[in-house]
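Okay, so here's the structure we're looking at.
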Amino acid sequence: MAMDGYLWMVILGFIIAFILAFSVGANDVANSFGTAVGSGVVTLRQACILASIFETTGSVLLGAKVGETIRKGIIDVNLYNETVETLMAGEVSAMVGSAVWQLIASFLRLPISGTHCIVGSTIGFSLVAIGPKGVQWMELVKIVASWFISPLLSGFMSGVLFILIRMFILTKEDPVPNGLQALPLFYAATIAINVFSIMYTGAPVLGLSLPIWAIALISFGVALLFAFFVWLFVCPWMKRKIAGRLEKESALSRASDESLRKVQEAESPGFKELPGAKPSDDSAVPLTSLAGEAVGASEGTSAGNHPRASYGRALSMTHGSAKSPISNGTFGFEGHMRNDGHVYHTVHKDSGLYKDLLHKIHVDRGSEEKPTQENNYRLLRRNNSYTCYTAAICGMPVHTTFRASDTSSAPEDSEKLVGDSVSYSKKRLRYDSYSSYCNAVAEAEIEAEEGGVEMRLASELADPDRPHEDPTEEEKEEKDSAEVHLLFHFLQVLTACFGSFAHGGNDVSNAIGPLVALWLIYQQGGVTQEAATPVWLLFYGGVGICTGLWVWGRRVIQTMGKDLTPITPSSGFTIELASAFTVVIASNIGLPVSTTHCKVGSVVAVGWIRSRKAVDWRLFRNIFVAWFVTVPVAGLFSAAIMALLMYICGLFSSSR
């Protein structure tokens, strides 16, 4: 059959297929490296480089198997023997419908399944072309079942693996010995699965024809060799690296404590007073410790029964003009000791501190229902108010702690400063001099917005004896120690590469499956499609996926790596390994499972095991709803394009 008249459709199909691959890369590749970026083991740029390599390799070696299911397993192509041009138009429609919906979802940062898109689009054009008889409904039922099986299976495998790791490694007082013993096993399992997948699916591409037992034997042998290499070289190197890191952190901690102790001894007798400060000025604002006045504090604490007073501050601000100390130099404070053992400082109302703290410290007014104290943090142990003020102006984060029990003023939220989330550049600043304070004020004035807010600020900085509520069992969240982070750092990178490889093999079919069908129909002049999937078409799809990742991938990486649940290297390793294992198995048996479903199932399962409240269930609900919405929406887009193309092809045929 002469197909030259439909060359325009093939050209259009290639263009749309690249756009579809672009959308797959922008949306689905986040499943592979999202957790690695979220746990901090790789940067976004490093993730893009690694994903580009492994996505392309996986698409070439594994993509042919699933591509056959996409292009021949969902619809009965034999019904189009007499109307080949209709099937070609349908393949173009399927790509358009899938690409449009995935681009919209990527723009909205909504992670959806590329498999859902292409399946729904294929069904949509078939219903328009020849009605419901063109759809192989039993195949569709199997695919729909896999949408539920894949997250459950992946989540179950991830959960079991994480429980074992937590039991034998994470909960140990010294996790290093058990972790080092398990490293060869972890690496061997990852390599074995990967090698088996390549040889089983990619053997025709490599020119090999081996029985399955031979492939399994080779995979097992390669895994043993790799495990021996890890045990012989990687484990001793990792042990030295962990010991060096711990020794360095211990030395830094000792030096920091010694430095703070010396400064505290030198500055504790009193506070400096700046020129222009008038303690008797009625415009001054008291700055005081509320450690003994907070709700829940004992009477003994208020009476000063502790051997040393806890230094904190409470800043009560009222509406009024504020001027920078750079312009008028009217910043001052003076310490006053009351008989309750607390130190009271006075801050001039017209000083720059008023304005700067007003704009730099944000009060969470939505926490009135929970006045109890959060975890204790110590910002600094020093009595130097310059240090506190400069740190606050530079943007120390604030967490709500308790409400002041001051009956003379309206109840307002109180907060404490937390110093564990400040950028490295901010930590390097000096906070203990007047010049550093003035520099911070000058920078803050440039960034500050005009306006005023009434607030009361309190921060507890130094009292380790203050009672605090332990988090409930549901609120507890396990965090990796420094040595555990190092143990699983490289493992998560390896499993992320493995997941990217599996993703390339599974999801390249979503973009290239219809294009392969379109190309084979045009080349052979029929719908039989007996030829194997061309490798260069798989490579073409891999390039499109990588392009989408570099341009738009970071939008969904944020959702998968950070928003759904916090990720650590240990939990990220289990998520990556179990979900990738599920995807590779599905790819090898030709079942187009969704990598999104596998990864979401693993993330939710491990996050729920780590902490009952660590999972963003609202986001999970939205993703779950999107799984159902994608198929009909993509089908509607495809059906509309199919109707348009059939109209155009009808005009074209009549004109000939």
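Counting starts with 1 at the first residue shown.
Positions of Cβ are set from backbone N, Cα and C atoms, glycine also.
Residues or ranges marked as topological domain 'Extracellular' in Swiss-Prot (evidence: sequence analysis): 1-5 (among others).
Per Swiss-Prot, the feature transmembrane segment maps to 6-26 (among others); the stated evidence is sequence analysis.
In the topological domain 'Cytoplasmic' (27-46), the DSSP tally of helix, strand and coil residues is 15 helix, 0 strand, 5 coil. Per Swiss-Prot, topological domain 'Cytoplasmic' is recorded for 27-46 (among others), and the stated evidence type is sequence analysis.
The transmembrane segment annotation in Swiss-Prot covers 47-67 (among others) and rests on sequence analysis.
The average per-residue pLDDT of the prediction over the topological domain 'Extracellular' (68-86) is 70, rounded to a whole number. Marked as topological domain 'Extracellular' by Swiss-Prot: 68-86 (among others).
The N-linked glycosylation site feature in Swiss-Prot is assigned to Asn81.
Tertiary neighbourhood of the transmembrane segment (110-130): same-chain residues 23-24, 27-28, 30-31, 70, 74-75, 79-80, 83, 86-87, 89-91, 93-98, 101-102, 140, 143, 147, 506-507, 509-511, 513-514, 556, 559-560, 592-597, 600, 622-623, 626-627, 630-639, 641-643, 646, selected by CB-CB distance under 8 Å and a gap of 6+ residues from either end. What Swiss-Prot lists as transmembrane segment is 110-130 (among others), and the listing cites sequence analysis.
The annotation topological domain 'Extracellular' is assigned in Swiss-Prot to 131-142 (among others) on the grounds of sequence analysis.
Taken from Swiss-Prot, the feature transmembrane segment applies to 143-163 (among others), supported by sequence analysis. Proximity of distant same-chain residues to the transmembrane segment (143-163), defined by a Cβ-Cβ separation under 8 Å and at least 6 residues beyond the stretch ends, is recorded for 74, 113, 115-116, 119, 570-571, 574-575, 577-579, 581-583, 586, 591-594, 597-602, 604-606, 609-610, 627.
Residues in the topological domain 'Cytoplasmic' (164-190) partition by DSSP class (helix H, G, I; strand E, B; coil) as 22 helix, 0 strand, 5 coil. For 164-190 (among others), the entry in Swiss-Prot reads topological domain 'Cytoplasmic'.
Residues or ranges marked as transmembrane segment by Swiss-Prot: 191-211 (among others).
The transmembrane segment annotation in Swiss-Prot covers 214-234 (among others). Counting residues 6+ beyond its ends, the transmembrane segment (214-234) has Cβ neighbours under 8 Å at 183-185, 187-189, 191-193, 195-196, 199-200, 203 in the same chain.
Look at Swiss-Prot and you will find 235-483 (among others) tagged as topological domain 'Cytoplasmic', backed by sequence analysis.
Among the features that Swiss-Prot reports, phosphoserine is placed at Ser253 (among others), with the record citing similarity to another entry. In sequence order, the list of same-chain residues 6 or more apart from Ser253 (phosphoserine) whose Cβ falls under 8 Å from its Cβ is empty.
When secondary structure is read from DSSP and collapsed to three states, Ser256 (phosphoserine) falls in the helix class. Annotation comment: Swiss-Prot describes Ser256 (among others) as phosphoserine, evidence class similarity to another entry.
Neighbour list (Ser259 (phosphoserine), Cβ cut-off 8 Å, at least 6 residues apart, same chain): empty. For Ser259 (among others), the entry in Swiss-Prot reads phosphoserine, with the evidence type similarity to another entry.
Recorded stretches compared: 6-26, 484-504, 573-587, 595-610; the one with the most Cβ pairs under 8 Å to the transmembrane segment (532-552) is 6-26. In this structure, the C-alpha atom of Asn81 (N-linked glycosylation site) lies 79 angstrom from that of Ser256 (phosphoserine).
Break the topological domain 'Extracellular' (131-142) down by DSSP state and the numbers are 9 helix, 1 strand, 2 coil. The Cβ of Asn81 (N-linked glycosylation site) has 11 other Cβ atoms within 10 Å, all protein chains considered.
Sequence-distant contacts of the topological domain 'Cytoplasmic' (553-572), counting only residues of its own chain at least 6 positions beyond either end whose CB sits under 8 Å from a CB of the stretch, comprise 25-27, 29-31, 33-39, 41, 44, 47-48, 51, 106-107, 109-111, 162, 165-166, 169-170, 477-480, 484-485, 487-489, 491-492, 495-496, 599-600, 603-604, 606-607, 610, 614-616, 619-620, 623.
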